[in-house]
Ligand code: 2E7
Ligand code: F3S
């Protein structure tokens, strides 16, 4: 039986970023150094496949430090943690390793520096997301105000409109954030911020690749988890840029084949926490049903690498 033709556009860059790579390696190194169990506070990155495979190697995932025993090492996830978390680990004399992405640590330092200069901070981010909780938790409660939308800017109750700075989550929509930053600058002309925002290179590049293909595809599949902020943004970017059907899939079994009926072209990308094996699984599933012609849509090349500590340092 002949299969219907399908042009598959593969986004590049896609999938793992340097911060994810580093965080996973830190867990693997900790398991090698200390043996199982090694505790990990929060999913090291938001991907079930990654978490399950580390769990198989002896990692134990918990949400709070209280759930860890004093005498086993604990790793903090790539998304970052409030200052209170390492402080509590130190008080309990625990061994801990911080796998926070260096680009998130940079934002933490930025926020602290602004506060030292007497500025109140506005964080653009998603309420309840661990990165937002971690960044806001670098400073005492009330020092960081959260805005999620342009509408939130209008109702912000600040201490002094002339002593403000903003920081952002690293995985936001580039386009939505532009609007929020513009609204902040319009209401508070003296507000200080980074050159544009704190959205990281990986988020920016993955969104740009999706944008470049969104107008020419009938459907878009984003490989990623429902709790992965950057992956969900990729679905939105596709939908907002002319793609009629954009769906997040954790793996091939999530594909809704009925929804794909009649399509002639499809785009595939993956969030920063989604391993390439899952992308290949999705491609194989498409190949089983269609006569696939593949094209890569490359909008940037990435060569970012973050050093993994050679020896995991135990805090003094
Ligand atoms: C850390 C940071 O684990 P993710 O899906 O996280 P998000 O923040 O997108 O939900 O992706 C990797 C990652 C991205 N940002 C890890 Cl701060
Ligand atoms: Fe870091 Fe950006 Fe990845 S903040 S963990 S490089 S998505």
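Quick reminder: no glycine exception, Cβ is built from N, Cα and C everywhere.
TrEMBL: automatically predicted annotations, no manual curation.
Of all Cβ atoms in the shown protein chains, 25 besides its own fall within 10 Å of the Cβ of residue 101 ([4Fe-4S] cluster binding site). If you look up TrEMBL, you'll see 17, 101, 200 marked as [4Fe-4S] cluster binding site.
Around residue 228 (isopentenyl diphosphate binding site), the same-chain residues at least 6 positions away in sequence with a Cβ under 8 Å from its Cβ are 46, 47, 271, 272, 273, 274. Under the three-state DSSP scheme, residue 228 (isopentenyl diphosphate binding site) falls in the coil class. Residues or ranges marked as isopentenyl diphosphate binding site in TrEMBL: 46, 79, 129, 228, 229, 230, 273.
Under 8 Å, Cβ to Cβ, and six or more positions away along its own chain, residue 229 (isopentenyl diphosphate binding site) finds 46, 126, 129, 131, 169, 171, 172. Marked as dimethylallyl diphosphate binding site by TrEMBL: 46, 79, 129, 228, 229, 230, 273.
Cβ neighbours within 10 Å of residue 170 ((2E)-4-hydroxy-3-methylbut-2-enyl diphosphate binding site), excluding its own Cβ and spanning all shown chains: 28. Under the heading (2E)-4-hydroxy-3-methylbut-2-enyl diphosphate binding site, TrEMBL lists 46, 79, 129, 170, 228, 229, 230, 273.
Residues annotated as active site, proton donor in TrEMBL: 131. For residue 131 (active site, proton donor), other Cβ atoms within 10 Å of its Cβ number 25.
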Which residues, same chain and not among 46, 79, 129, 228, 229, 230, 273, have a CB within 8 angstroms of the centroid of the CB atoms at the recorded isopentenyl diphosphate site? 45, 130, 131, 171, 225, 227, 231, 271, 272
Is any of the binding-site residues 17, 200, 230 within 10 Å of residue 170 ((2E)-4-hydroxy-3-methylbut-2-enyl diphosphate binding site) (Cα-Cα), and if so, which, in sequence order? 200, 230
Anything from the binding-site residues 17, 170, 200, 229 with its Cβ under 6 A from ligand 2? List those in sequence order. 17, 170, 200
Please list residues from the chain of residue 230 (isopentenyl diphosphate binding site) whose Cβ is under 8 angstroms from its Cβ, counting only those at least six apart in sequence. 171, 202, 203, 206, 224, 271, 272, 273
Binding-site residues 46, 79, 200: those with Cβ under 6 Å from an atom of ligand 1 are 46, 79
Entries of 17, 101, 200 which, being binding-site residues, have CA atoms within 10 angstroms of residue 79 (isopentenyl diphosphate binding site): 101
Could you find out if DSSP has residue 131 (active site, proton donor) as helix, strand or coil? helix
